[in-house]
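*Asks:* Here it is, the structure in full.
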Protein chains: 2
Amino acid sequence: MTTFIDGKAVALRVRAQVAAEVATLSRKPGLATILVGDDPASAVYVAGKRKAVREAGMRDLHRYLPATVSQGQVAAVLDELAADPGCDGILLQLPLPAHLDPGALIDRIPAGKDVDGLTTHSAGLLARGENGLRPCTPSGVIELLASEGVKMRGAHAVVVGRSSLVGHPMAEMLLHHDATVSVAHKHTTDLAALTRTADILVVAAGVPHLIGAEHVKPGAAVIDVGIHRTPHGLTGDVRTTELRGIAAQVTPVPGGVGPMTIAMLMANTLRAARR
Amino acid sequence: MTTFIDGKAVALRVRAQVAAEVATLSRKPGLATILVGDDPASAVYVAGKRKAVREAGMRDLHRYLPATVSQGQVAAVLDELAADPGCDGILLQLPLPAHLDPGALIDRIPAGKDVDGLTTHSAGLLARGENGLRPCTPSGVIELLASEGVKMRGAHAVVVGRSSLVGHPMAEMLLHHDATVSVAHKHTTDLAALTRTADILVVAAGVPHLIGAEHVKPGAAVIDVGIHRTPHGLTGDVRTTELRGIAAQVTPVPGGVGPMTIAMLMANTLRAARR
């Protein structure tokens, strides 16, 4: 039997827990989402985050900046929010217009308000296994694995992909949960040989349908972080239907990892407010 | 044929290159080693580093602080060196006396002077694959592999151990060299099964004689970072003599990785001075 993990249900549970805790706070946490320019996908993502903020009972401190804004102007907005005691979390929506330097801007966010977990300092805290805010998508994967009771300690976890946003922090977090962790990427010579040894397989390669039955050990938990728009609808990095009867758990696309990202953003904002 | 990698020779070559470059500089790089208290092993290590500084033609800005020094007093010395334009690198020798908080002190070292590569910021830069100063021992391992012409791209590298000082940054550095990287540790369930798939095996477990013939694939490069004092002399984490005729390359203990640490500290100090 293969379980299709219901990410929507887990995400709703996390968001309900956050809302319940927020309801007990006299000062409501505030999240500042910053949208620069008019990228339609970014506008949709930010709208979803703002809706979740309001539904959690938190304060929506959204800022919109036009695409023509200068590096210095974005920096000034970040510095103002960094200094604002009513702002608990700052999220600079990526990608930015090409004339802006995202790394330098993100690193202006204080570690305590870095609810996306993307600053150099947060990456360092994660690398060291020290307390800090973690990137939302890999945090969501950990939450899904925990919700299914998948044992991480001593398991062999293989992460396919090594991006700063997902693959790399994912590997770090699995390591801190005491998994034996392997990271595969485009230079990996025999991907299937490696992934077939995985008890936990997290695929964040950004390659549609990369992983199928030939890559998966019977009984493995397979988490698909990929999301691709095709003429036939949304699809992931995993040929999910092939894994029926092989994997113990698998996440669908859509409805698997996707909903967890916003849920963990809410959890991070609450956590930032509590510190 | 198994090659025993001559770490002393590679280290001397690195140090000679550094000295030759230093000789061309009008302003000589300065390295501040800070020794707190009277730990005999630390005193020996610091003496070796200071000797290497002088031999490289750099300025020795050593500071000694008594074991009774306060956190604030060490912080003040670090801040003074951080502000000193004649000081290019700062190394706080560990371990510190138990009443001091090493993490908070190390994080006062500016990233540009962090020649030990141990600050949170440096760990973040490494995690992201961005330019920065890297920890000396794993840098030395990369240098040894390169000196032997061991191909890292696409190779399966297994790192045994996940310390902040060695194992963890080692895995990061191998990943940035495009190896497929696995990290094993005390919770790994079948260590030999994993290590037998390694083209490059770096052992930094801190367990004497942990790794032997049964752990090694024929033709692998085996790097032993362990160093233990026994009644029979120094020994590593690897039963090196068992690997004769199996491994393509192996590092002896002593004389393998050990000499590289100081050599890479010199290279880091030069690099810090050039920025």
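Glycine residues also receive a Cβ, built from the backbone N, Cα and C atoms like all the rest.
Keep in mind that TrEMBL annotations are predicted by a computer and have not been checked by a curator.
Keep in mind it's a predicted model, so treat the numbers as computed, not measured.
Under the heading NADP(+) binding site, TrEMBL lists A:G161, A:R162, A:S163, A:I227. Taken from TrEMBL, the feature domain 'Tetrahydrofolate dehydrogenase/cyclohydrolase catalytic' covers A:5-116. Summarising the annotation, TrEMBL assigns domain 'Tetrahydrofolate dehydrogenase/cyclohydrolase NAD(P)-binding' to A:135-274.
Let's see these features in context: how buried, what's close, how far.
*Replies:* Mapped onto three states, the DSSP output places A:G161 (NADP(+) binding site) in coil. Spatially close to A:G161 (NADP(+) binding site) yet at least six residues away along the chain are A:G167, A:A184, A:H185, A:V203, A:A204, A:A205, A:G206, A:V225, judged by Cβ distances under 8 angstroms.
Each residue in the domain 'Tetrahydrofolate dehydrogenase/cyclohydrolase catalytic' (A:5-116) has a pLDDT score, and their mean in this model is 98.
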*Asks:* Looking at Cβ-Cβ distances, which residues of the chain lie under 8 angstroms from A:S163 (NADP(+) binding site) while being 6 or more apart from it?
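*Replies:* The answer is A:A204, A:G206.
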*Asks:* Using all protein chains in view, find how many other C-beta atoms are within 10 Å of the C-beta of A:I227 (NADP(+) binding site).
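*Replies:* A:I227 (NADP(+) binding site): 16 neighbouring Cβ atoms within 10 Å.
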*Asks:* Which of the binding-site residues A:G161, A:R162, A:S163, A:I227 have a Cβ lying under 8 Å from any Cβ of chain B?
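*Replies:* Correct list, in sequence order: A:R162.
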*Asks:* Restricting to the chain of A:R162 (NADP(+) binding site) and a gap of 6 or more, list residues whose Cβ falls under 8 Å of its Cβ, or answer none.
*Replies:* A:H168, A:A171, A:V183, A:H185
